[in-house]
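Below is a structure I'd like to ask you about.
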């Protein structure tokens, strides 16, 4: 499995300016289980980065709606969603190999055939490998909020990124985001509301209740116990 992780920053026209990452590499040490999963299940469920567009029917062996999850962490919610929706296909992207290993192990244990994973930067994957108008949904749950003002430019939700996601969604496709940091939720709302071609699915034109389709993570459960809020945003591509 290759692990060449990079992420470009864009100018106002969406062109890469220079290399800047929206994440911090925290590879950590692989557990024996994660290492075993990477060695044994990656050949079946893993997708290497290339500069060739993916053919989803060929990748999954069928025609089905495809959901892309960016930054799936340890993969618990992604595996749960793939298990609950066998009629759909799921592609997850995560830059940290322990998380990829954990996700592969869980997916194998559940016997999933509708899940594939990548270990690469999602921005480059979107540019180079995801065909336009091909995704039913893009999910971005709890991305790094980059709390300090001087680091705000590292937040993955910026206008060029949201435009890029829109180009990959089918007409009627959904971009679903969630964060537990209210200033980032406000930033997401401002960015998404500024882009022509997206429709906010919130009745109050801000946030939506957590949909049943998004599992509550252990991290989120802990936050609830501590009184922390979570904000979900869902925007539909309408043109």
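Here the Cβ of each residue, glycine as well, is placed from N, Cα and C on the backbone.
Model, not experiment: these values are computed from the prediction.
Per Swiss-Prot, the features are:
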type	residues	note
BINDING	69, 94, 121, 144	S-adenosyl-L-methionine binding site
ACT_SITE	144	active site
BINDING	148, 180, 217, 218, 219, 220	substrate binding site
REGION	150-155	region 'Interaction with RNA'
Please list residues from the chain of residue 180 (substrate binding site) whose Cβ is under 8 angstroms from its Cβ, counting only those at least six apart in sequence.
142, 220, 223, 228, 229, 230, 231
Among 148, 180, 217, 218, 219, 220, the annotated substrate contacts, find the widest CA pair distance and round it to a whole Å.
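Site span for substrate, by Cα atoms: 25 Å.
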Measuring Cα to Cα, how far is residue 218 (substrate binding site) from residue 144 (S-adenosyl-L-methionine binding site) in Å?
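Approximately 17 Å lies between the Cα of residue 218 (substrate binding site) and that of residue 144 (S-adenosyl-L-methionine binding site).
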Average pLDDT across the region 'Interaction with RNA' (150-155)?
76
Specify the count of other C-beta atoms within 10 Å of the C-beta of residue 94 (S-adenosyl-L-methionine binding site).
25
Of the binding-site residues 69, 121, 144, which sits closest to residue 219 (substrate binding site) by Cα distance?
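Given the candidates 69, 121, 144, the nearest one is 144.
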What span in Å does the S-adenosyl-L-methionine site cover, taken as the longest CA to CA distance among 69, 94, 121, 144?
15
Around residue 148 (substrate binding site), how many other CB atoms lie within 10 A of its CB?
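That number is 8.
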Tell me the Cβ neighbour count for residue 218 (substrate binding site), meaning other Cβ atoms within 10 Å of its Cβ, over all protein chains shown.
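Total other Cβ atoms inside 10 Å, all chains included: 10.
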Whole-number Å only: compute the distance from the Cα of residue 217 (substrate binding site) to the Cα of residue 121 (S-adenosyl-L-methionine binding site).
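One finds 23 Å between the Cα atoms of these residues.
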Using a 10 Å cut-off, grab the number of neighbouring Cβ atoms around the Cβ of residue 220 (substrate binding site), all chains included.
19
If you count Cβ atoms within 10 Å of each one, which of the binding-site residues 69, 121, 144 comes out on top?
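Its Cβ has the most other Cβ atoms within 10 Å: 69.
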